[in-house]
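For B:38-61, B:68-90, B:110-132, B:144-163, B:183-205, B:236-257, B:263-282, B:289-308, B:314-333, the entry in TrEMBL reads transmembrane segment.
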Amino acid sequence: MTTPLTKQSTESGSRAVEPLLKVQDVSLSFGSVRALRNVDLQLMPGEITAIVGDNGAGKSTLVRCMSGIHRPSSGTIVFDGAPIDFRSPEDAREAGIETVHQNLALVEDLTVWQNLFLNRELVTKLGPVGILNRRKMKSEAERMVSTLAVNVPAVTSRVRRLSGGQRQAVSICRAAGFSSKLVIMDEPTAALGVQETARVEELIQRLRSEGHAILIISHNFAQVMRLSDQVWVMRAGRCVAGRRTAQTTGEEIVALITGAQAA
Amino acid sequence: MSPTTSEQTAEPAASGAAPVERQSVSQRLASFTGWSEWAAPIGLLVLVIVFQILNSTFLSLGNIEAMLAAAAILILLSVGQTFVVATGGIDLSIASTMTLSAVMFGVGYGADWSIFLCCLLAVVTGSLFGLLQGVIIGRGKITDFIVTLGGLSVASGLALVISDGQPVTVISRFMLRLSTDGIGIIGWPVIVALVVALIFHGVLFHTRFGTHVLAAGGSEDAARATGISIARIKTAVYTVAGIMAGLAAILLVARVGAAEPAANTQFLLNSVAAVVLGGVSLVGGRATIWSPVCGALLLTALTNGLTLLGVSQYYQPIAVGGVVVLAALLARFQK
């Protein structure tokens, strides 16, 4: 009798916190293909939220609406209390939404610090000309990288020399490094080995403990169960269910994805 | 369970540290053997030694003076070409743009403009032509090869139309002094070229624009994902190439003493050659300025040395072509 009571109180407590991001009745069509149909879901601040679903369920499309690549045909997305209308990924970044892309979006021929500060370079104004402040960027990059659970070689080495896990760490570091409020990760460990996956997961958990909200798309159910606080299930362009991770099982999630179980 | 996991994480961390240590040594080695970048300076050195042994007048003050003067135009064009190639493009029109700019210089001169305005007209012509090509390539998303090949034809055609095929003799004390005076044995043309090269070295490595040029060349997708406008970068690099063609045109007019609609095709081949010798990656993303400058000096020394040795002029294009393909081969084997 006491247990449900405390649970209820914590639940109502979490309800009092405003969601960081609310997707309301969002639809998006590409020609005759309806990629998203009336999607509703929300992300709480300071939590890891996972979106799962089969290939083509609309996960990536939905995430691209949040990161400014697509614009919904209808419906609204409210972020941090205000409806968003991003025209480009740049707008999303300025609002505080960072995306770690599946293809990592690093320039191999540039160094780690150059990648960390790409299009955010620190400059010293010399009249009308901005001169790169290389020293400051290097030392800042050093500091950003030193907090990583993953061993990254000197920030002056080129990304070409980095392993998959190290690259992923640099990508995540870049996304988390600039006072972002929400970090979106599309399949953050898909290309990694077992040990590297473990370290990247450790890194993701550290971001949460630092107060970042994180949204991950993953095909790896074990990972979703390990990492996330909240799971949303998508099927055929709809968001069909939402569960607190602690109150569901891998079996239930699989059943929801395949449609064997109705929400 | 937990002790094993901590052991598991501790172990790769330890074994991970070792390769990092080793990497820093091999890295230093690799950055030294990043020798496609060193091909031009080393090649230049070897060439100078060989020619000096074969003909002792090669390193005489007079000949050094002549070589530097001859290299100035090519240095400017190579700097422009480097910016374009750093984005993974190529500017086939750069020499023709120079011709067009030179002809426009003559038009200004014919209209009794001051020499300063004529110079400005040449640079403005070059930059506008470059800008136009850049907009078509960047915004229109048309292959640079085709656009600049068309540009080559259009610019040389325009030069002929505007000048009616006739050279305009330019008699000016300023231009004469530009081509004959200098500091010591170093003539003004090469001083101008080296100062411009130095400035654009700064642009490439010490400005946001330069970083974005290398990023756009290294990975368009990655650059775009961080909000860099590829179209804007492409437009800008072809404009830089145009500005360089305009500056080179001033030196050309000073050197020839006339603004003429000559073809100048050897400058196109040599500008690409200097960039290749300079170890600039043809797919983009990696570039230096000083190395293509050495490449330009090397090509000039090669032509000059062969002439001194009495080798027929007809063999020179063969030598230049051979050296360039050899340099490209060396760069290939670096990987």
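Every residue, even glycine, has its Cβ placed from backbone N, Cα and C.
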Stretch contact, the transmembrane segment (B:144-163) with the transmembrane segment (B:68-90), Cβ-Cβ under 8 Å, 3+ pairs: yes
Are there residues at least six beyond either end of the transmembrane segment (B:68-90) with Cβ under 8 Å to its Cβ atoms? List them, or say none. 98, 137, 144-145, 148, 179, 185-187, 189-190, 192-194, 196-197, 200, 204, 213-214, 216-217, 233-234, 237-238, 240-245, 247-248, 251-252, 255, 267, 270-272, 274-275, 278, 280-289, 292-293, 295-297, 299-300, 303-304
Contact between the transmembrane segment (B:110-132) and the transmembrane segment (B:38-61) (3 or more Cβ pairs under 8 Å, separation 6+): no
Can you tell me which recorded stretch out of B:236-257, B:263-282, B:289-308, B:314-333 has the most Cβ pairs within less than 8 Å of the transmembrane segment (B:38-61)? B:289-308
Any chance the transmembrane segment (B:314-333) and the transmembrane segment (B:236-257) are in contact, meaning at least three CB pairs closer than 8 A with a sequence separation of 6+? no
